[in-house]
Each structure stands twice: as C-alpha cells, then as structure tokens.
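Undergrad: Below: one structure in structure tokens.
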Amino acid sequence: MEWKYVIPGIPDNFFERDEEIPMTKEEIRALALSKLRIRKGDMILDIGCGTGSVTVEASLLVGSTGKVYGVDKEEKAINLTRRNAEKFGVLNNIVLIKGEAPEILFTINEKFDRIFIGGGSEKIKEIISASWEIIKKGGRVVIDAILLETVNNAISAMENIGFMNLEITEVIIAKGMKTKVGTAMMTRNPIFIISGEKQ
C-alpha cells in the first residue's frame, strides 16, 4: 500500500491489526510524530512498537537515508510490525528487535536522533534513563502515556536526568459515530504526550 501524502496520520484501518496488540491511533500518532520533529536521514527508535503504526510512519518520514528501529517484548507485535512495514513498502529501512526495554536497549549498537516511547511501561523511569544513554545530543524523546502515574514518573525522570524543554500535552479525541437519529461524538481515552530534548 502506498501512502502518497507528506503528512503523518495514516488511517488506522489501513494497518493490519490484532486486538491483543496496542496501536497508537492516527490522531495521536500524527501529534506524536510532529513532536518528534523527524528529518530525512534520522535514526529513530520506537520502543514498544506494537502494531508498527509509528514505526511505519517514521520510516516514511526519514526516507531511504534514515533508519527506524522497532523494539517490542512480544513476538506477535514484532511480526505484526513486520507485516505492516511490508504492506507500506518500508521494511528495507526498518530493524525489528524482540526484547524488553530497558535491558534490550543496551544491546543496540546505535545512537538515535529521535526516540518514541509508546504505551505505559512500569519501567518508564528506567527506559527514559536508558534513552538518555543512546540518544544523540540535540535528540528528542516523545512519550505517549495514558496513566497519570506514568506521566508523573516520566516528567520526574526526564527532569532528574537532564532533558530540557519539557512539554506535556493532554489530547482528548472524539470520533463521530452514526446512530439511528444522527451522529454522536464518542470520546476516546485522554492521552498525554510528553516531549523533551537532550542538549
């Protein structure tokens, strides 16, 4: 499948899905990718790649001169990300690694320009600490979080480690759903997008 547009936000239904594997939804994904400020040729790390929606879109943004690493502890997620990367024709500049963060991050022999941390890991502080070690100076980290505890732990860890220009945005998306009498707006869970830079 070809995505002909230069902006992120591929519709969710374009991706192969699995109910057991989480997905960063299209509106949240578009905002998170904009907060990453990806450039052509960047090295990107997607921690907790899930369905691969962020991995695929980041790959489209970095182009053939960049590379995106997708990491997930679930074999099903790695396989699903691979299938979605194949579907969008970007498998050539994606590296998939099965393993649990933060431990697996120290086995990757790369430094990254941008790191995306998806989901709500209980090890968010340790993952942020590991990210500091493998991100280049001037690099950006973006975290999606659902739980307030994750937000609190992430902000605290980023401040203590030395990330600068911290920003937190709460996003509430409502999608229209047809009913018998009209269209109702169905609200999704609020998502927090946290970003910071290593200077």
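Placement of Cβ uses the backbone N, Cα and C atoms for every residue, glycine included.
Quick paste of what Swiss-Prot says about this protein:
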- T24, G48, C49, G50, T51, G52, D72, A101: S-adenosyl-L-methionine binding site (BINDING)
Undergrad: Are there residues of the same chain, six or more positions away from A101 (S-adenosyl-L-methionine binding site), whose CB falls under 8 angstroms from its CB, and which are they?
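TA: Once residues fewer than 6 apart are set aside, A101 (S-adenosyl-L-methionine binding site) is near I47, G48, V71, K73, S121, K123, E126, I127, A130.
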Undergrad: Find the longest CA to CA distance in the recorded S-adenosyl-L-methionine-binding set T24, G48, C49, G50, T51, G52, D72, A101; express it in Å as a whole number.
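TA: Largest Cα to Cα distance for the S-adenosyl-L-methionine-binding set is 18 Å.
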Undergrad: So for G52 (S-adenosyl-L-methionine binding site), how many other CB atoms are inside 10 Å of its CB?
TA: 34
Undergrad: Would you mind checking how many other C-beta atoms are within 10 angstroms of the C-beta on D72 (S-adenosyl-L-methionine binding site)?
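TA: Result for D72 (S-adenosyl-L-methionine binding site): 30 neighbouring Cβ atoms inside 10 Å.
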Undergrad: Provide the number of Cβ atoms within 10 Å of the Cβ of T24 (S-adenosyl-L-methionine binding site), excluding the reference atom itself.
TA: 27
Undergrad: Take the Cβ of C49 (S-adenosyl-L-methionine binding site) and count every other Cβ within 10 Å, whichever protein chain it belongs to.
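TA: Its Cβ has 34 other Cβ atoms within 10 Å.
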Undergrad: State the three-class DSSP label for T51 (S-adenosyl-L-methionine binding site), counting H, G and I as helix, E and B as strand, and everything else as coil.
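TA: SS state of T51 (S-adenosyl-L-methionine binding site) = coil.
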